[in-house]
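Here's the structure, in structure tokens; my notes come after.
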Amino acid sequence: MHPQQLVVSWFSLVLLTSPIVAIWELEKNVYVVELDWYPDAPGETVVLRCDTPEEDGITWTSDQSSEVLGSGKTLTVQVKEFGDAGQYTCHKGGEVLSRSLLLLHKKEDGIWSTDILKDQKEPKAKSFLKCEAKDYSGHFTCWWLTAISTDLKFSVKSSRGSSDPRGVTCGAASLSTEKVIVDHREYKKYTVECQEGSACPAAEESLPIEVVVEAVHKLKYENYTSSFFIRDIIKPDPPKNLQLRPLKNSRQVEVSWEYPDTWSTPHSYFSLTFCVQVQGKNKREKKLFMDQTSAKVTCHKDASIRVQARDRYYNSFWSEWASVSCS
């Protein structure tokens, strides 16, 4: 369950008559009401208090209804479904005094809803967030997919352990221009960049990083969490500067490359291993694995040589391929 808190402010006051705290502040004057979602569920009783020293002449409205919902400094709302959520406003004499927005977070059969993001099902089911790091600097990128294109808002926070909840900072989520097709359906891809402030590339990780994405679609709130060690999400950039050198009196060529600029240094400590493969029009040769940055291969006409990299000492993900034409 999401950490719960009851926030009291001078701008608006949200009270609960339920003995279990089931409402908390997402941002200023925006509150999430957590609901058990089943037929005839009792819902949650929420008491809204208008931010004004006045006691008389106050009326309440909602963006869900054209009617006046009540009068007085407080309004009691029984929140059972999305029709009970939305923005509540108190007025006096045509003047808006304060507003409170109620969002719903559904729980069905003890499980929080996950309707907004696409389950990518890799490396396991319920994998909504994917994260990668190009090196051990503490910088990483996360992304997720959604079929929803409007009325959508994301916020991201991250930490490594409870002792330093602000030790990892994340920027704003941005919509990628990349089109992602899954099962003949197009999805929007969102990405976010994060950085651990006190990262030590050579240090052994003892606590995982946790990333939480909060998603709001219309009046629905959901959150998604991914927990990992940087070493488990490493995916180097492809090797750079691939070059071919013909060998005298031989059908072979020497292909050479360099470490990617983004990889951690020194390379004597942060070492990579490489995979080399000749790829023709109709077939691919077997892969060669090596630690050095050159190899001798037979390069056929109209073929290409491709090289990828991964961490030599830890079973990281392989990089994308870098390639050079034989012709």
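Don't overthink the numbers, they just go from 1 along the chain as shown.
Positions of Cβ are set from backbone N, Cα and C atoms, glycine also.
Quick caveat, the model's predicted, so the values are computed rather than measured.
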Exercise for review: Identify which of Cys90, Cys131 is listed by Swiss-Prot as the disulfide partner of Cys50.
Suggested key: Cys90
Review point. Which residue counts does DSSP give the domain 'Ig-like C2-type' (23-106) for helix, strand and coil?
Key: 3 helix, 54 strand, 27 coil
Exercise for review: Taking only the Cα atoms, work out how far Cys90 (disulfide bond) lies from Asn223 (N-linked glycosylation site), in Å, as a whole number.
Suggested key: 30
Revision key, fill the gap. Whole-number Å distance separating the Cα atoms of Asn223 (N-linked glycosylation site) and Cys50 (disulfide bond) is 29
Revision key, fill the gap. Taking every residue in the domain 'Fibronectin type-III' (238-327), the average pLDDT works out to 93
